[in-house]
Amino acid sequence: MEGQDEVSAREQHFHSQVRESTICFLLFAVLYIVSYFIITRYKRKSDEQEDEDAIVNRISLFLSTFTLAVSAGAVLLLPFSIISNEILLSFPQNYYIQWLNGSLIHGLWNLASLFSNLCLFVLMPFAFFFLESEGFAGLKKGIRARILETLVMLVLLALLILGIVWVASALIDKDAASMESLYDLWEFYLPYLYSCISLMGCLLLLLCTPVGLSRMFTVMGQLLVKPTILEDLDEQIYIITLEEEALQRRLNGLSSSVEYNITELEQELENVKTLKTKLERRKKASAWERNLVYPAVMVLLLIETSISVLLVACNILCLLVDETAMPKGTRGPGIGNASLSAFGFVGAALEIILIFYLMVSSVVGFYSLRFFGNFIPKKDDTTMTKIIGNCVSILVLSSALPVMSRTLGITRFDLLGDFGRFNWLGNFYIVLSYNLLFAIVTTLCLVRKFTSAVREELFKALGARNQIHKAQGTCLDLTHVLEPSPAEPSADQPTPIQQTGNKCLLLQALLQEQD
């Protein structure tokens, strides 16, 4: 009987491993296909050639697609775990969800951590160096020479990074930077290096997310149709049509030798056509789309942003009074044993919505920063080098998203796998400072966003008032300085003092109107 029980246990373990591997493969296959279509939508078509460069571009494309799929998996990791926990609580004995268990969730977290390290430290550097390689001098040109150069560059990069990590660990902890630790690559260096990358990603999210939260209102305003209040769209379309026709006639009348003027006029004509298309779209939009959708979306964005800031403020209070609020605190009851939200399934759904909202806002904020503005991909006109840079940036942001969500208290779900082993998550001052900075910076960005129009009008009014006062003072100075001419002026020609006085009277009238 004991032998049969042992065989049955081994069979169950084998079947569960096969089931989990199949589910992970299917999920990753779906993410890979979606990522491939996204990258090919932005990839420059002129990069497709028939020589060895085409092979290099194709390999770099596959590696970039793999990285983007891993990034998407890291984004979906925390929402999938939260919803799985609530499903297991609601249907604990359901036959059709027996495949959804804690072992599968832990396996997904471990795979996400493993593939993130693989893409960040191996695949993406290989794709970049392989794309830029030409082969060593003296060797026969070809794929093998480029692969050899790429591998040499990877080895040199690995030695450089390991040296930097060893020096950094020596500065922080002298005992950790011993000769024995040099051989402990898998258990010491890679987790420590990934912890540093995660901290950098969280700092980047701290910079991008508040900017993105305020920028989301502008982006949604550009995508949606705004309400038409005291506007005559027909008149605006008529004026823009006349301007388009005038530019078209000027463009047809210019000779082909004036290249600069032609290029400038073509760009201006393209801008006019874009504006005309937007006006026509606003005119064709239905009444409910103009008057209901836009205000509803703006209110929804404001509610989500306010809830995020409120949760961060509550988390700050919890950090001050409760040690279990730390991201690296005590472990929870486990998956499927208890709900992590006080509002049950509704609270879990709200957490998932906020996590996706923060991720979208961080991406919008990332591309809104001036330093990363050149990284914005363009449809059918993005080089492979820029695609690799975008994939690395998205991977860093997505890998840090679960850590940021847990650190800010957006969710109480415990970080699994290597995500919960970062040493800096146990530092109270780092976690508290991170929460305070996020709340303060987000509030300042929102206040600056909603008061920008009022500030611009105030600056314009103050600027106009100062100009009028300055001109009035100049007129008064001229009145005292100028003296009447000894000659008798004619009746039709006023004296200089009369001219200056008339101008001052006009400026005083303008000042009264301004007041």
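From the backbone N, Cα and C atoms, a Cβ is placed for every residue, glycine too.
These features come from TrEMBL:
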{"type": "TRANSMEM", "residues": "20-39", "note": "transmembrane segment"}
{"type": "TRANSMEM", "residues": "59-83", "note": "transmembrane segment"}
{"type": "TRANSMEM", "residues": "103-131", "note": "transmembrane segment"}
{"type": "TRANSMEM", "residues": "151-172", "note": "transmembrane segment"}
{"type": "TRANSMEM", "residues": "192-213", "note": "transmembrane segment"}
{"type": "TRANSMEM", "residues": "292-322", "note": "transmembrane segment"}
{"type": "TRANSMEM", "residues": "342-367", "note": "transmembrane segment"}
{"type": "TRANSMEM", "residues": "387-404", "note": "transmembrane segment"}
{"type": "TRANSMEM", "residues": "424-447", "note": "transmembrane segment"}
Of the listed stretches 59-83, 192-213, 292-322, 342-367, the one with the highest count of C-beta pairs below 8 angstroms to the transmembrane segment (424-447) is 292-322
Taking a Cβ cut-off under 8 Å, which residues six or more beyond the ends of the transmembrane segment (59-83) line up next to it in the same chain? 27-28, 31-32, 34-36, 38-40, 43, 105, 108-109, 111-112, 115-116, 119, 123-124, 126-128, 130-131, 335, 340, 348, 351-352, 355-356, 359, 384, 387-388, 391-392, 394-395, 397-399, 401-402, 405, 411, 413, 416
Stretch winning on C-beta pairs under 8 A with the transmembrane segment (292-322) (pool: 192-213, 342-367, 387-404) is 342-367
Can you work out which residues elsewhere in the same chain, 6+ from the ends of the transmembrane segment (342-367), have a Cβ less than 8 Å from its Cβ atoms? 75, 78-79, 82-83, 85-86, 90, 204-205, 207-213, 215-216, 219, 304, 307-308, 311, 373, 375-376, 393-394, 397-398, 401, 404-405, 410-411
Give the nonlocal contacts of the transmembrane segment (387-404) in its own chain as ranges (CB under 8 Å, at least six residues past its ends). 39, 42-43, 60-61, 64, 67-68, 70-72, 74-75, 77-78, 112, 116, 119-120, 124, 127-128, 131, 197-198, 200-202, 204-206, 208-209, 327, 355, 358-359, 362-363, 366, 372, 375, 377, 415, 419, 422, 425
